[in-house]
Amino acid sequence: MKYLRAIAAALCVVGCLAAHAQTQAPPQVLVMLRVAAPHLRAADGYDAGYTAAPDETARLRIARQLAHQYGLQLVDNWPMPALGVDCFVMRIASGQSTGDITRALSNDARVESAEPRQAFHTLGGDPLYALQPTATRWHLAELHALTTGRNITVAEIDSGVDTANPDLTGQVVERQNFVDDGGYRPELHGTEVAGIIVAREGNGVGIAGVAPQARLLALRACWQLADGDAASACDSFTLAKALQYALEKRVQIINLSLSGPSDHLLQRLLDVALSRHVTVVGAVDASVADGGFPASYPGTLAVAGEHAQAHGTDAWIAPDEDIPTTLPGARWNMVNGTSFAAAEVSGLVALLRALSPDMTPTTLHDALAARTALGLASMRPMAIDACAAVAQVSRRCTCDCVTAHASLGVPRR
Amino acid sequence: MFRIVVVALVVLFAAQAHAQMTGSATLASDYRFRGTSLSNDQPSAQLALDYDWPSSGWYAGGMMASVRLDPENAAQLLVYGGYVHRFSTDFSVEGGVRYTRFTGSESYAYAETYAGFAYRQLVGRVYYAPNYFSNGYPVWYAELNDSHTLSGHWYAFAHAGYLRRSGDVSDYHVSRFRSDFQVGIGLSLQPCNVRLSWNTSHGAPDAVVGYPSAAGATRNAWVLSISYAW
């Protein structure tokens, strides 16, 4: 069934491309005219107002003059206050060169800028995107309209990451090996976790990471035990080296999709990280009563899977089954487990911190608990509502505005 | 002073032929200025011209208006020039000078400087006139203006102003302070604009502030105005 959905999604993409190929945009040029910042006018204090400032008539008149002078037809206009301009659309007569008209307009002192009106088409997207639990449950595409994790650095302390996968090419800013003196090795688990966090979006292959514009540090502190098996081992020394390096690099998020016994050295390093407001995300080990270390360590964002067995930790819940992600090489596959639920939450935290870089752990906790703010906060573990979290931090409408803001009390925008 | 400003405006116009020029004509049921009527509660016609040089931030303009002072029919001539700097999409600051005089037996000429800010639709300014309406004493005036788009072409606006007259007012035995307020709604149908507002003032009477308004002019008034821009 899932493969049928993937095929249907691919067919839809092909169909959309074909439809756009048939669209032929008329030759038009976009002409931008500057808008003065609000200021006193002759009649101010007498009988005028800013909402109905009359100066747009001046720009409309200039646009008409330009159209007449260059033999164009004024067909539309739209204010773009974010750029401080009004944009006028002008149709180019047959026989005129779009390039010549654009250059002439650009050199006109009355014009802020001019450019041809160009046709765009949607790209292939990520064929497996529709299968991602975060695509449907977290409304990932809608979240990405507001935040993509830009300028947030995530340290993935795991086994090696293969950047040869097209979804990871260019997504990893640095790879370091803390396992041995040998070279960095691409491995399964690290590559799978990396894809969930930062896989390239809209590149026509594979998946979209939760935070596709975050910067990933792939710190290899674990090693794969057997070919073809993602099971990997680490030790406190390799992990400590990797944590130390992450602290040196001033990362904002550390993803630890691993578990083991409590360790003093690692606890001290985590204390430093937490004191710097680094978000430490740890995967809950469902086979251990307390969820295992570091998930059980106070201050760590412990993440459990939806289908994990009940446990006593104050864990956050994220999708953990049938998650498509990257494999070494140009391959993808479905994975299951809390490692990947933690990776999803690391990506989500990157989205939130991109919106509010200086957010405190308390603010982050409140955002993740946004959906449970109406009397359900005592329930543990807590399922994360990514839309509500982003809405709370961004103070903007996300996903289904009505649903998101019914629990937030945020004005719909 | 008036000649200097006019010459400066001519130089500015000549310096850049591609300024954005806006003209507007207004008919108002009353000419309310800082809470007083400069038209003796009678209708007024106004003609305004604004020039913008958006790439540089400079602006200038002028206005003519029919007034009724002392109480004789007269005309007001006003010119202004200033500079505005946009710090962000939402925030800008400005400063400039405005000069006003009237025809008739008394010119009541005066100049004032101003500085202000605009944050989205909220506009605040402080004005200082060293010889307000040629009365020989300085006046400070501060104002806040706000407007919000309602549905369609409708919008609402509000204004609050606070004036302080310097100098000796002991002979009047009244306050040297005066406040004025305006609230209203507007209908913007470019290039036309219709506004209806309620205007009121409190505090020092017109004579204390030096306004040449006719005796008996009201403090409260509804004002309807229609403007046409080109």
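Backbone N, Cα and C atoms are what each Cβ position is placed from, and that goes for glycine too.
TrEMBL has this to say about the protein:
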ACT_SITE  A:D158  active site, charge relay system
ACT_SITE  A:H189  active site, charge relay system
ACT_SITE  A:S339  active site, charge relay system
DOMAIN    A:149-369  domain 'Peptidase S8/S53'
SIGNAL    A:1-21  signal peptide
A:H189 (active site, charge relay system) - helix vs strand vs coil (DSSP): helix
Rounded Cα separation (Å) that holds between A:D158 (active site, charge relay system) and A:H189 (active site, charge relay system): 7
Sequence-distant neighbours of A:S339 (active site, charge relay system) in its chain (C-beta under 8 A, six or more apart): A:H189, A:E192, A:V193, A:S257, A:L258, A:A283
Fewest other C-beta atoms within 10 angstroms, as judged across A:D158, A:H189, which are the active-site residues: A:H189
Mapped DSSP class for A:D158 (active site, charge relay system), helix or strand or coil: strand
Local confidence of the domain 'Peptidase S8/S53' (A:149-369) - pLDDT mean: 91
